[in-house]
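So that you can see what the record holds, here are the features copied from TrEMBL:
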TRANSMEM  B:21-39  transmembrane segment
TRANSMEM  B:68-94  transmembrane segment
TRANSMEM  B:103-124  transmembrane segment
TRANSMEM  B:130-153  transmembrane segment
TRANSMEM  B:160-177  transmembrane segment
TRANSMEM  B:183-207  transmembrane segment
TRANSMEM  B:356-376  transmembrane segment
TRANSMEM  B:382-406  transmembrane segment
Amino acid sequence: GYALVALGPSLSLFIAVISKKPFLILTLLSSTLVWLISLIILSGIWRAFLPLNSTTWWPFAILIFTSIAFQEGLRLLFWKVYKRLEDILDAFADKVSKPRLYLTDKMQIALAGGLGHGVAHAVFFCLSLLTPAFGPATYFVDRCSQIPFFLVSAIIALAFVTVHTFSMVIAFNGYAEGNKVDQLFVPSVHLAAGMMVIFYFCSHVYATPSCSVSEPYYVQ
Amino acid sequence: MAQNQRPKSLLDSLGEEIIRILTPVSICMLLVVLLVSILNSSSSLSVTSSIATIAYSETGSDSSWDKFIGALLNSLVFVVVVTVATFILVLFFYLRCTKFLKIYMGFSSFVVLGFMGGEIALFLIEEFSVPVDCITFLVLLFNFAVIGVLAVFMSKMPIIVTQGYLVLIGMMVAYWFTLLPEWTTWVLLVAMALYDLAAVLLPVGPLRLLVELAMSRDEDIPALVYEARPVTHHDSASRPVQRRIWRERQNARLDSEDSSSLNSDLNSTVSIVQSSHNGARIARVEEGQVSERDAELSAPLIDRRMDAQDGMSTESLMLEGMGLGSSGAIKLGLGDFIFYSVLVGRAAMYDFMTVYACYLAIVAGLGITLVLLALYQKALPALPVSIALGVLFYFLTRFLLEVFIVQCSLNLLMF
C-alpha cells in the first residue's frame, strides 16, 4: 500500500512511456545510479557529523542546503553528458540512415532521467525503510505524531518524485534554450521543497497539528 | 495512412539487446531475493558443510580476524578446485570426448533441477504449510526436472521455456550459495572475480585455452549459456541475414557434483541422497543456440564466465561468458547469473536498501562490461567489474548510507 502511494504515478509513467523504448530504460537506470552515488558521497561527507542534535534546526538546514547544491551541480553535469550523447546519437542515426532525434525524443530522455532520480529518491528514502511495516504495528515519529511515519514518508516521496521528474525536463529545456528563468526555476523549487521540512522544526515549538498542515504544502 | 506515421525514430530500438539480457538477470535476482527473504526470516543456524567450507566452518563466536582467515582459506580451496576442474574440461575437449561430456551435463542438470528444486520446494511447503502429499509432489518434481533437461538441450522448444529454465537453474544454485556463512560468501565472490579475470586474460588461463580450442576447431561444446532472443529489425528491408559471422563461442560446461551432508563423510554415494539441507549438486550445461539476427550493432564479444561449484567427487567447470554466438545474439553464461544473484541475495540478508544499491551497481557493471566488449572485441570476463562494484556499493551502503538516510528520514528531512 505504502509503496504504491509513493510510486504509483511513476509506475504508470514507466509502463506507458518508458517500457516501450529500451534506451529510456537504460537512461532511467543510469540516472538512478548517479543519484545513488551522489547520496553515498553526501553521506560519506556527513558521516562525521551524525547523529545530529535534534533540537536545533540549523544543522539540518545546512545539511539540506549542501545536499541540494551538490545535486543541482550533478544535474548540470548530467546535462553536459547528455549533450555529448546527443551528438553521438545523431551521428549514429545518420550512419544507419534513420531520422535524427526529434524534440519529443529529447524530452523523453529528459523525462526518463528525471524519473530515475525520482525513483531513486522514493526507493531510498521510503521503500527501504518499509521493512518494519510488514508487521502488525505501525510507527510514529516524535515530530509528527498524528500520521504514521510510513504514510508521511510515502506522501513526501510521492511529492518528490513528481518534483524530480519534471524538474529534469524543465532543466534540460532551460539549458537547451539558454533560458535563465527556467534554469533558475529548478534549483529553487528543489530548495524550497527541501526547506519545507524546516517548517516542521519551527512548528515544533508551536502546537502539534503542524505536521498535518505542512503535508498539503508538500503536495502542492 | 502512411503519411500520418512518422518514420521510426532511432530511440525506438537502440538499447534493445542490452535490455533483453538485462531482464532475465533482473528476474533471477528478484527471485533469489524473494526466496531469501521468505526462507531466511527465521535465522537458520545450520551451517552447510561442503567443499566451500572444508577449510573452516564459521561459527558465531569467532573473532573477526579468525573469520577472515577462515574465509580466505575456504575461497582458496574453492578456487583451486575450480581451476583443476576447468583444466580437466579443457583436456576432455581436447580429446574430443564430447558425447561423454554432453551426457554428463544432462545428468547433472537433471539432478540440479530435481534435487535442489525439490529441496527449495520442500522449504516453501514447510513455510506455507501447503497440503500436498508425497506422491503428487514427486510426480510433479520429476516432470519438472525432465522438461527442464529437455528444454536446455533440445533447441526445438519455444525459446521462452528454455530461457525460463535457465533462469530457474541459476536461481536454485544461487540460493544454495547464499546458505554459506557470511564472510566466506563475500571473500568467495571476490576470489571468483579475480580468478575469472586471470583465467580469461592470462595466456595460460584455462578458459582462454578452451575458447581458442573451440575457435580453432570451429565446433561447439554443448554448454549452458543464456542466449537472449535475437533482435530482428522489422523495418530494415533487404538486409541479408548474416549467419555465423562470428564463430566464436564459448561453451563451458560446468559440472560439479556436490554431495555434502551434515555428517560430512557419509554419502559415499555420488548419487545424491536427499539429506536435510545440504545436497547440492550443481551442474551446468551450456548450450548454444543458433539463431539469426541482423547484425547492426553487434560485435563479436566473448566473455567467459565461471561457475564455481563445490564438488567432492567431480569437478565442474562453468564457463561464464558473454558473447555473440554464431547467431549474433548476446550470450551470457549462467555462472554470471549465479554470482550476481548470490551477491544480491546476500545483500538481502542484511536489509533491502543494500539490495537496491547492489542491484544498481551490478547493472552498471554489466553495462560497462558490454561497452568494453564492444571496444575490445575479444573474450572478456563478465564477472569482475560487476562484482567489484557490487561489493563496493554493498559496504558503502551498509556503513555510510544507511545511517545517513535513517537519520534524515526520522527527522523527516528529505531532498
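Glycine too: its Cβ is placed from the backbone N, Cα and C atoms.
TrEMBL: automatically predicted annotations, no manual curation.
Within its own chain, the transmembrane segment (B:21-39) is flanked in space by residues 120, 123-124, 127, 163, 166-167, 170-171, 174-175, 178, 226, 228, 322, 330, 332, 336-337, 340-342, 344-345, 348-349, 355, 359, 362-363, 366, which lie at least six positions past its ends and keep a Cβ under 8 Å from the stretch. Against the transmembrane segment (B:68-94), stretch B:183-207 shows more Cβ pairs under 8 Å than any other of B:103-124, B:130-153, B:160-177, B:183-207, B:382-406. Highest Cβ pair count under 8 Å relative to the transmembrane segment (B:103-124), across stretches B:130-153, B:160-177, B:183-207, B:382-406: B:130-153.
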